[in-house]
6 protein chains.
Amino acid sequence: MVASDPDHLQDFCVADKTSRINVNRYPCKKTVNVTEVDFFFGRGLANSAVINNLVGSVITTANVEKIPGLNTLAVSLARIDYQPDGLNPPHTHPRASEIIFVLDGELDGLAHYQKNNGVKPASVIAGFNSQFPGTQSIATALFTSTPLVPVHVLTKGFQIGTKGVKKMRNKLAPRKLIK
Amino acid sequence: MVASDPDHLQDFCVADKTSRINVNRYPCKKTVNVTEVDFFFGRGLANSAVINNLVGSVITTANVEKIPGLNTLAVSLARIDYQPDGLNPPHTHPRASEIIFVLDGELDGLAHYQKNNGVKPASVIAGFNSQFPGTQSIATALFTSTPLVPVHVLTKGFQIGTKGVKKMRNKLAPRKLIK
Amino acid sequence: MVASDPDHLQDFCVADKTSRINVNRYPCKKTVNVTEVDFFFGRGLANSAVINNLVGSVITTANVEKIPGLNTLAVSLARIDYQPDGLNPPHTHPRASEIIFVLDGELDGLAHYQKNNGVKPASVIAGFNSQFPGTQSIATALFTSTPLVPVHVLTKGFQIGTKGVKKMRNKLAPRKLIK
Amino acid sequence: MVASDPDHLQDFCVADKTSRINVNRYPCKKTVNVTEVDFFFGRGLANSAVINNLVGSVITTANVEKIPGLNTLAVSLARIDYQPDGLNPPHTHPRASEIIFVLDGELDGLAHYQKNNGVKPASVIAGFNSQFPGTQSIATALFTSTPLVPVHVLTKGFQIGTKGVKKMRNKLAPRKLIK
Amino acid sequence: MVASDPDHLQDFCVADKTSRINVNRYPCKKTVNVTEVDFFFGRGLANSAVINNLVGSVITTANVEKIPGLNTLAVSLARIDYQPDGLNPPHTHPRASEIIFVLDGELDGLAHYQKNNGVKPASVIAGFNSQFPGTQSIATALFTSTPLVPVHVLTKGFQIGTKGVKKMRNKLAPRKLIK
Amino acid sequence: MVASDPDHLQDFCVADKTSRINVNRYPCKKTVNVTEVDFFFGRGLANSAVINNLVGSVITTANVEKIPGLNTLAVSLARIDYQPDGLNPPHTHPRASEIIFVLDGELDGLAHYQKNNGVKPASVIAGFNSQFPGTQSIATALFTSTPLVPVHVLTKGFQIGTKGVKKMRNKLAPRKLIK
């Protein structure tokens, strides 16, 4: 999948986060208000994140929300840190293609999920062709979304019992994967 | 999500299904070989399909595979038939937006799944902005794909036991949803 | 022809019809104001329309004007009803490809016009890859537009006399084809 | 309307007109066979064309058919020459936006047709954002296409008699507007 | 390179230059305020410009800044006038493909620069597939931009001495090439 | 600038590098011949490259030439290594936006050039929204291209003498920056 913005008409269009107009991307800040800070994320991806969830991985995004200068440029990065046995569970990026550079450690998978089967922590840098690629964890989207997907849809769709659905909901609920 | 083909340079480019060149769409048939048959699907969507699977719904596509004239036109239709209590299980169309017209009956849902909670069969016509939108049933993609997603990814990702994963795989395996 | 919107950055962008900013599509409503009503058209296309014009057909659109949730999704539907001998006269959709599903009856044509040569009413559902495809009846665009195309352009362009142009203008003027 | 080709992956892709593969644009010539001739049209648009038709105007295109180097670049030119009282009749460019530079003389119109109401010849250079924009004269497309649009569609669509349709067909038939 | 705007949803979107919202293109003027003046540039490109700079050429643009009606149409023109021995120095158009029609005289080059090696003035009309293609003279961008590129980057990048860089800066500084 | 490929019709289209057809991207390999090797670059970017040129930096690309599975996905990475005082000289990526992650060391610049003003080597990972973004060093493109830009264009364009141009050509010629 590819997300792009082929109608570039200026060298940059820094996101104006104070605008009250929402046009499927941010309007541009006035050029006089643009500073070099709009194009940097400081040490945002330089350090590994603290992992404190069931699946054992955390995603740190460097998208237009963090770097306003990425607005309309259709490119962004993310860092994913994995503890040993950590999993970046099955997910999709609804608005982007992805390419991964392994910073540290070794990983299995690399297609729609990655698993750190080594004994040391692992980290990757992921590149996307969207300034806001999105990440959707399939399990949490189906079992813990608001509003909830009805139980009978999940029992029929996954061929499991009502009890099974409720158990999965309880376990998956508190997870927070992206910051 | 949107799939399109903005570089139209001819009025039509009927899919040449005999070509040995694969270019992320079909090459075009020579114009002299194009006939009106290339633009019709006969009674392809006119009748409801026979439903013989666990979820109680069948999708009949009218995409570029069935109508070669749709090649490069970025539009297609599908018909979905539901028996009472039938479910079109949670799925995504990785390459298209969708709009639904209800032919018969009444449906719950209409977002990422539809369920026929009425006592009569139901049918819809779905419109897509791709000549090959794709349909991916989430449960079968995760539990019955080839090659299989490793059990430990599913146990961790869905927070279920190994036994649960295997049971789901067995039940989901024989399902055939799209024709 | 293809109309699309490849720079999707959110799951939806419901048309804010109250906005005073016009940006070649509607700005997005604030998410907190979005309701499921924004994604439905009620029974909008379920029933045939009343036909009361010279050509014997009526188009009912289900585009972003009727379904605000279609904004930026690049997909829409329309229903066309034809009385016996009714014609959907030669026209173009300047911003979309089209695919047609015949609901009732039989039609000749199906390329740039359709004619109901049967003895019963006919209806079709048309799918488009734009949320606002537009429909331009060629005859009315040339002979009854505001401002009028000068008579001497039409006499030379169509090789007819001045009297012929005025007669056609009178007959074509009162027609209303789209609702 | 806009025609473009956003997936540029090379500096140029000169049309290989000898290729037997048709992919909605020309495949690229091998780079070793590309010469500067592929990027020039000699004096193609420098001189006015001979006008010998009923409407009094001729279009000379400078598109990918004439300049193979334009392939995939989504830009082209055309020259239109008008004798006094000459008309470039109502038409559409199905795959491009247009901008016009008046070389000589004065013109009325400039929207969907142009008329030389002066006493001297006139000429324009038209720029398009497609390497193959297409030009469709509405009158000839409807009254002299192959296969013919049925008479009853035209009588109903334009509200004229059968005799009128046949007269228009005869007059419009021999016209040749584009070279 | 190609700049386009594939999501056309209206026949025109005349630039509203008074808008305080900046959305990587101009928002649209209200239709009731649109006049035919929005689509013309008067005699803007009809006459040669006065050349009063070191390189001996001047570019006159006819883009969305001059013709508000070009907004979203992804097409524009420019006129370039060259005195004998005049040079349109090496440059890039960061957002468009270009095609050139020679109005008067003869030119060498035509790729990334043009030089009038004849004894008479020369002029060209350039067509672009963007309503705002941009023009960046490489020498001025590197040696006279604000803020200045550091001297040590230029000495290392171009393998010249500090004195050479300063001499080039002084000579290139006063040049004004585009109006 | 943005390069993309919005007409995705399959999950992947691995580059068929043996194809004799060139269509502005690689045709797709037959699915049966696709292996996981097509999606990996081994340790391609894991280690710093040897720097043996005048400017003191080397770019190692991870694009569709190295990873055939990137074909049509509009995403790629590159690694740039800089010795102390090393410069990635002024350049453009004609077909992509870029985002940079600093692996080691500290850099000045980061806009159109980067300079390692520290005392230790530095390395970055660059993300692009094209599978083949291209990199054009401005100095070498102008002073050492084949065929050569004529001396009089460079003397006039950069306001330097003939001797200066020849000196720059000699120094810039042997440089090899990208592997």
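Every residue gets a Cβ built from N, Cα and C, even glycine.
Applying an 8 A CB threshold to same-chain residues 6+ apart, the list for D:ASN88 (oxalate binding site) reads D:VAL55, D:SER57, D:ILE59, D:ILE80, D:TYR82, D:TYR113, D:GLN114, D:LYS115. Annotated oxalate binding site per TrEMBL: D:ASN88, D:HIS93, D:GLU98, in sequence order.
The Mn(2+) binding site annotation in TrEMBL covers D:HIS91, D:HIS93, D:GLU98, D:HIS112. Note on D:HIS112 (Mn(2+) binding site): other Cβ atoms within 10 Å of its Cβ, all shown chains, come to 17.
If you look up TrEMBL, you'll see D:CYS13-D:CYS28 marked as disulfide bond. Cβ contacts within 10 Å of D:CYS13 (disulfide bond), excluding its own Cβ and spanning all protein chains shown: 26.
Annotated domain 'Cupin type-1' per TrEMBL: D:43-166, in sequence order.
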Per DSSP (three-state), D:GLU98 (oxalate binding site) is strand
Chain F interface subset of recorded positions D:CYS28, D:ASN88, D:HIS91, D:HIS93, D:GLU98, D:HIS112, CB distance under 8 A, sequence order, none if empty, is D:CYS28
Residues near D:HIS91 (Mn(2+) binding site) by Cβ (under 8 Å) yet at least 6 apart in sequence within the same chain, in sequence order, are D:HIS112, D:TYR113, D:THR135, D:GLN136, D:SER137, D:ILE138
Other than D:HIS91, D:HIS93, D:GLU98, D:HIS112, the chain contributes near Mn(2+) (Cβ within 8 Å of their centroid) the residues D:THR92, D:THR135
After the CB under 8 A filter against chain E, the remaining recorded positions out of D:CYS13, D:ASN88, D:HIS91, D:HIS93, D:HIS112 are none
The correct three-state DSSP answer for D:HIS93 (oxalate binding site) is coil
Cβ-Cβ distance under 8 Å, sequence separation of 6 or more, same chain as D:GLU98 (oxalate binding site); the residues meeting this, in order, are D:ALA126, D:GLY127, D:PHE128, D:PRO133
Here the recorded positions are D:CYS28, D:HIS93; the one whose Cβ sees the most other Cβ atoms within 10 Å is D:CYS28
Same-chain shell around oxalate excluding D:ASN88, D:HIS93, D:GLU98, C-beta within 8 angstroms of the CB centroid, reads D:ALA78, D:HIS91, D:THR92, D:ILE100, D:HIS112, D:ALA126, D:PHE128, D:PRO133, D:THR135
